[in-house]
Amino acid sequence: MKNNIDARYDQNDKYKIHISRVPTKFTEEIVERILTDKLKENIAGNCGDKIVSKVELIYPRDESGEGLRKDGNEAKDFSEIEKGHRNEVEDHRGFGFVSFSSQQALDIAIKLQIVKGGRKVTSKKLYTMHLRPYQEKSPVQADDEDGRDVCYLWSLHRCTYGDDCKFKHVGPGGCLSNEKDELNETERQRKKKGKCFAFKKGKCSKGDECPFSHDFEPDVKGESSEEIATEDRAKTKSNDQKDCINWKTKGKCRKGDKCVYRHDPELLKKALTKKAKNKRKRDEGMEGENGKQAKKEKQPLTIRIFGLSYACTEDDVRQFFEECGIINKILFPKFEDSGRSKGYCGIWFASPKAVAKALELDGTEFQGRWLRIQSGKSMELKEWEGLHHQNRQTQE
């Protein structure tokens, strides 16, 4: 059976267009009704009842040209699909052909190009169908009825293979020159990167090798690129005329005599003088006399307390040390089984002055025990455990 989609349509239809992006749930009757209502709005005067004469939607076909049911079995013949058994066949492919009854209706449909619709005028559009003019297939040779062996690029004058092309060169067309194609590609890349800023001023030294576009008139007409490049190289200083940056700022260079830059004795003298002056300022600043104020040492905000009674509670510790200053947090380790104190704790104060007052209480009596108070950083419970065991081993 001939595998040609147009075989199912009447080739004598004069007013035919191509329709695409048709929702799969739409049938021929729905499409016909939508197009009829849309064209009636745009046709002036009495246009008759039959504006759309026929709607043909394309359904899936197998290699033999037969229709396919939803269950995967083949339809008995092609007429079964034509008779409206769409519920037993797969959904259509979303495109097809529409035939009109007059040239006026055809012209208006082509002018519309798209047909949108929804449940209401103000609602979101549920579909957008495209209308395009129908173009008949170009005739092919008898041994190539589907046109699969015809070179598509030949008709566009863009075939780059010439006589080596494995497809047939039928009808008007031509090949594309490789040299011309490469030249156009290079020019496209240059235009894509933009205009050459140096060429715009008339001073591009790269010439044809420049990756940017020179396809415009420069603002300033100056010398040629070669003359400009020679002049720039003449103006550029040689390495032995440039000062070594390490020698100039630090007064030393690790490369020594192998350094390609200049080591001027005057620069060395200035660098050493500047280093000595900076060192003197730092020393004066540390002493706090005529220089900057000496940096303040970071003062601790926490204390560690040892020698607590096992009957002591967190509230007892807070009440005893609250006269020293504001307490932000108390870390009070307890035994898991009895919930009693482990004999040590940590306090985080809000100011260094509170820490200084708390350290003055070192050696005082609290609940019949002599306290040992140290300043230090805040710790987690695991760190407290390790410090406690370390102190016990030291005492033993």
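Using the three backbone atoms N, Cα and C, a Cβ is placed for every residue, glycine included.
Caution: TrEMBL annotation is automatic and unverified by curators.
Your range for zinc finger, going by TrEMBL and the list 50-77, 190-217, is 190-217. In TrEMBL, the annotation zinc finger applies to 145-172, one of the ranges 89-116, 145-172, 341-368. Residues 272, 275 of the same chain, all 6+ positions outside the domain 'C3H1-type' (238-266), place their C-beta atoms under 8 angstroms from a C-beta of that stretch.
Across the zinc finger (145-172), the DSSP tally of helix, strand and coil residues reads 7 helix, 3 strand, 18 coil.
This prediction places the mean pLDDT of the zinc finger (190-217) at 73.
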